[in-house]
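Novice: According to TrEMBL, the protein has these features:
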DOMAIN    59-353  domain 'Dihydroorotate dehydrogenase catalytic'
BINDING   Ala74, Gly75, Met76, Asp77, Lys78, Thr98, Ser158, Asn191, Lys234, Thr262, Gly287, Gly314, Tyr335, Thr336  FMN binding site
BINDING   Lys78, Asn123, Arg124, Met125, Gly126, Phe127, Asn191, Asn196, Asn263, Thr264  substrate binding site
ACT_SITE  Ser194  active site, nucleophile
Amino acid sequence: MNLVRDGYTRLVRPALFRAHAGDPESIHEDMIGALALLGALPGVRDLVGLLTRTSGDPVTVAGIDFPGRVGLAAGMDKDARAALAWQYLGFAFAELGTVTAQGQPGNDRPRVFRAPASGALVNRMGFNNGGSVEVSNRLGVAGIVRGNRAAGIPLGISLGKTKATPLADAVGDYLTSFDRLAPHADYIAINVSSPNTPGLRSLQDGGALGELVGALTARAALQAPGDPLPVFVKVAPDLTWPQLDEVLQAVTDGGAAGLIATNTTLSRTGLAEADRRLADEAGGLSGRPLTARAREVVAYVAGHTDLPVIGSGGVMTADDARALLDAGASLVQLYTGFIYAGPALIADINEEVR
Ligand SMILES: Cc1cc2nc3c(=O)[nH]c(=O)nc-3n(C[C@H](O)[C@H](O)[C@H](O)COP(=O)(O)O)c2cc1C
């Protein structure tokens, strides 16, 4: 028996899923609480690290040295509470957030739904987070500064638009967050692809995106002349190829360092019969139903730009990660696969990639 693989899927996951059958989000809150504690307990975290960590395949992307290829996707640690813990589960990097300039509660609960027969989740969280001041303070207290590896691994911070801020003022909203959070990040991700903030995805339109990316990269150059903080742009899987061409043009013209492909999808294709009831829930679908589309988008992006691509979407097995890397991704991120398979998935991918 593999302690990590079987321990999670046979013991930890069933207990968690049963304990919180009504609302998957409460498991999530408990898990983040436990990981925040873990990050602060040297003996315990080292033991967990001994059980779960495997060495990855190091790679340098956008000037950042990553100790492996597998990272945590945005949305799991929205408030950076567990920033110090992710390395002990085996992640080679973690993308914190999405953080908005002002704190906000997000949508009403329930807002995340499990689709176990499909290996999927549907969520409409709506950027619930404490806001850029709170998150920046927390990272400061944890001693996390760009490049200092206080968390043991590179940390990205994902930025989104505050719901109450009109779209016309989006650039200022992102810049406010950037000023507060960039000192604590190894890269910034511009999230313009969540389906759960009204109008957000329209920021992927060429003109708006070019302006947003240009403003943030200019600010990065001002903050650190000679060594500007890399800015990535995270795109939706629901764009057509002409729309994606426009995004690539804007991202290149704006001076971004790379792309993250993809966020969750509005499509409901691939939901198993047993999960069809979730087809009518508003929100983004992630996990197994997204695997093929994310791979397609990564291949398209990698084929049409020289910028590096971080692959995200439906990595449920080591083979899925391998396929995303083969499609042109330099790194991969996990969310849904990690919920269903736990840290063993990271170990499996590390083994496969090595
Ligand atoms: C509950 C939940 C919350 C998420 N929140 C965010 C978020 O705040 N920002 C973001 O960029 N992506 C967010 N995502 C999208 C993930 O980062 C990821 O791109 C997507 O789920 C596809 O990967 P997966 O199939 O491995 O889950 C969220 C996903 C889920 C399931």
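Just so it is clear, glycine is given a Cβ too, placed from its N, Cα and C backbone atoms.
Curation plays no part in TrEMBL annotations; they are all automatic predictions.
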Novice: Filter the recorded positions Arg124, Gly126, Asn191, Ser194, Asn263 down to those whose C-alpha lies within 10 angstroms of the C-alpha of Ser158 (FMN binding site); answer none if the list is empty.
Specialist: Asn191
Novice: Rounded to a whole number, how many Å is the Cα of Ala74 (FMN binding site) away from the Cα of Asn191 (substrate binding site)?
Specialist: 9
Novice: Within 10 Å of Asn191 (substrate binding site) by C-alpha distance: pick out those among the binding-site residues Met76, Lys78, Lys234, Gly287, Tyr335, and say none if nothing qualifies.
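Specialist: Among Met76, Lys78, Lys234, Gly287, Tyr335, the ones whose Cα sits within 10 Å of that of Asn191 (substrate binding site) are Lys234.
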Novice: Near ligand 1, meaning Cβ under 6 Å from any of its atoms: which of the binding-site residues Met76, Arg124, Ser158 fit that description?
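Specialist: Going through Met76, Arg124, Ser158 in sequence order, those close to ligand 1 turn out to be Ser158.
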Novice: The domain 'Dihydroorotate dehydrogenase catalytic' (59-353): mean pLDDT?
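Specialist: Averaged over the domain 'Dihydroorotate dehydrogenase catalytic' (59-353), the predicted model reaches a pLDDT of 97.
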Novice: In three-state terms from DSSP, label Asn263 (substrate binding site) for me.
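Specialist: SS state of Asn263 (substrate binding site) = coil.
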Novice: Write down the Cα-Cα distance for Asn263 (substrate binding site) and Lys234 (FMN binding site), rounded and given in Å.
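Specialist: About 7 Å separate the Cα atoms of these two residues.
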Novice: Listing them in sequence order, which of the binding-site residues Arg124, Gly126, Asn263, Tyr335 have their Cα within 10 Å of that of Ser194 (active site, nucleophile)?
Specialist: Arg124, Gly126, Asn263
Novice: Please find, for Lys78, Asn123, Arg124, Met125, Gly126, Phe127, Asn191, Asn196, Asn263, Thr264 as listed binding substrate, the greatest distance between any two Cα atoms, in Å.
Specialist: 16
Novice: Which residues, same chain and not among Lys78, Asn123, Arg124, Met125, Gly126, Phe127, Asn191, Asn196, Asn263, Thr264, have a CB within 8 angstroms of the centroid of the CB atoms at the recorded substrate site?
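Specialist: Checked against the 8 Å cutoff, the neighbours are Gly75, Thr98, Gly106, Ser194, Pro195, Thr197, Gly283, Gly284.
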Novice: Same chain only, sequence gap of 6 or more: which residues have a CB within under 8 Å of the CB of Asn263 (substrate binding site)?
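Specialist: The list for Asn263 (substrate binding site) reads Asn191, Ser193, Ser194, Pro195, Lys234, Val235, Ala236, Pro237, Gly284, Ser312, Gly313, given in order along the sequence.
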